[in-house]
Amino acid sequence: MADGTHSTHRNPSTAQLIELALSRGEGELTANGALVAKTGERTGRSPNDRFIVKEPGSEADIDWGTVNKPFEQTVFTALWNRVESYLGDKELFVSDLEVGADPEHYQPVRVTTETAWHQLFARNLFIVPEQFNAADKPIWQIMNAPGFECIPERDGTHSDATVIINFAERKVLLAGLKYAGEMKKSMFSVQNFLLPAKGVLPMHCSANVGIKGDTTLFFGLSGTGKTTLSADPKRFLIGDDEHGWAPGGVFNIEGGCYAKCIDLSQKNEPVIWNAIRFGTVLENVTMDENRVPDYTDSTLTENSRAAYPLEHIELRKEENLGAEPHAVVFLTCDVSGVLPPVSILTKEQAAYHFLSGYTAKVGSTEMGSSSAIQSTFSTCFGAPFFPRPAGVYAELLMKRIESFGSQVYLVNTGWTGGPHGIGKRFDIPTTRAIVDAIVNDDLKGVETEHLAKLNLNVPLAIPGVETKLLNPVNTWEDKAKYAEYAQQLAESFTENFAKYQVPDSIKNAGPNA
């Protein structure tokens, strides 16, 4: 990249980047030492602005549609050159990082940013290796220019901003976007395309490990509890959002955490609270007059975030790796108040619910989404990030579960006693007690009750959980109303699942509409 008049900061330290971000007016320092940055009107991902370059090497393997939208190679080249030229006379920040904490499955990536704070984010969220690219793999390039304004008529984009992935050239272009989450999710999408070809399942999940070396995975959309539940003071964290499951073990795709901050409290989330300090980027968080962050304030967005390196977490797996999981938890946030707090799934039910990805958008991470909580089906609990057809990932999950014998659970972190607005949301201590029972193997072989309409098996008792909560009908005053809502939910599952071509054993593992 041309750089005639200004310096380029290569592999800058955390302190250097914070110093530069402050001197350049990119952010402010909080009382707890974190750097606060604002992202303007885009406070979440922009799915309508995300594209994949259509080229012969990957075209046949991508599930083209509203999520994976095609972009012309020649138009991409022109835009990349235009952005490169725009950055040519600017002070730049460049780091050599890696994505994937596995010596075989990592991808080397050179990240170039226009701002110091985006570079700090990249160094917090990606892996800063002791030796860059030890296996001498071809290097990916990320070019991040938030100050560049796209012109759709000229650049072929949807708006004034864009995210474009080019598999053939190993390039990711981010232009006109300040929201830093786009950077991490673009490389997640890259790994989600590359890993299945090697027999590795990429997952939108968090992971932690117990003292005995037992790994647990938590799948779920943003706001359903992935980060909160994996940040367990009694267990060692592997990572909070993106992992690969290979034969023999699980590895983190990242080197940091990107935790939601809305209503963050020291009491309920001590691990995250303590991780927010010097070196952390707080995105769209407001402060009081004493520079103390106000995590209750959603003026800027419900999607306020903290980006910090894994080193900020005391109890963690330093090598970012774990054994294959003995327990897999699908986190669903049920706004209808129909699903039980926990169900024990068969292998076929696991495939059904993995493909369905039923949950809710909570404090949505996407631009243009209403702030209201709404139910959604998100394939693999992360539809926006998976370039291949859903069946590829479901098949890999089934293989991994079968070969290792992992037990899968469906845990509802949403509502009970009625839908959102009438019922109440399961509190964090209740969900934690359920997760404790799962990781301690207390639910293996327990007596269960079958909920026919939902086709789910629920335990009759769990230590530390009020028994009344376990069968959701018991928490509804109006039982007929519950039956009505359960029927509606079963129908929506069936309707959504009709698009999948899968064996009957999986098709019949869902609710009975």
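Cβ coordinates come from backbone N, Cα and C, glycine included.
Remember, it's a predicted structure, so these values are computed and weren't measured experimentally.
Swiss-Prot annotates Lys185, His204, Gly220, Leu221, Ser222, Gly223, Thr224, Gly225, Lys226, Thr227, Thr228, Arg305, Thr431 as ATP-binding residues; of Glu149, Glu269, Glu348, Glu477, the candidate listed for that same site is Glu269. Take the substrate site that Swiss-Prot assigns to Tyr179, Lys185, Arg305: the candidate from Arg45, Arg425, Arg432 listed for it is Arg45.
Distance from the CA of Thr224 (ATP binding site) to the CA of His204 (Mn(2+) binding site) is 12 Å. Nearest neighbour of Arg45 (substrate binding site) by Cα distance, taken over the binding-site residues Gly220, Ser222, Thr224, Lys226, Thr228: Ser222. Separation of the C-alpha atoms of Gly220 (ATP binding site) and Asp241 (Mn(2+) binding site): 9 Å, rounded to the nearest whole number. His204 (Mn(2+) binding site) falls within a strand segment according to DSSP. Long-range neighbours of Asp241 (Mn(2+) binding site) (same chain, six or more residues apart, CB within less than 8 Å of its CB): Lys184, Phe188, His204, Cys205, Ser206, Lys226, Thr227, Glu254, Cys257, Tyr258. Rounded to a whole number, the distance between the Cα atoms of Lys185 (substrate binding site) and Thr224 (ATP binding site) is 18 Å. Following the DSSP three-state reduction, the secondary structure of Thr224 (ATP binding site) is coil.
For Arg305 (substrate binding site), other Cβ atoms within 10 Å of its Cβ number 26.
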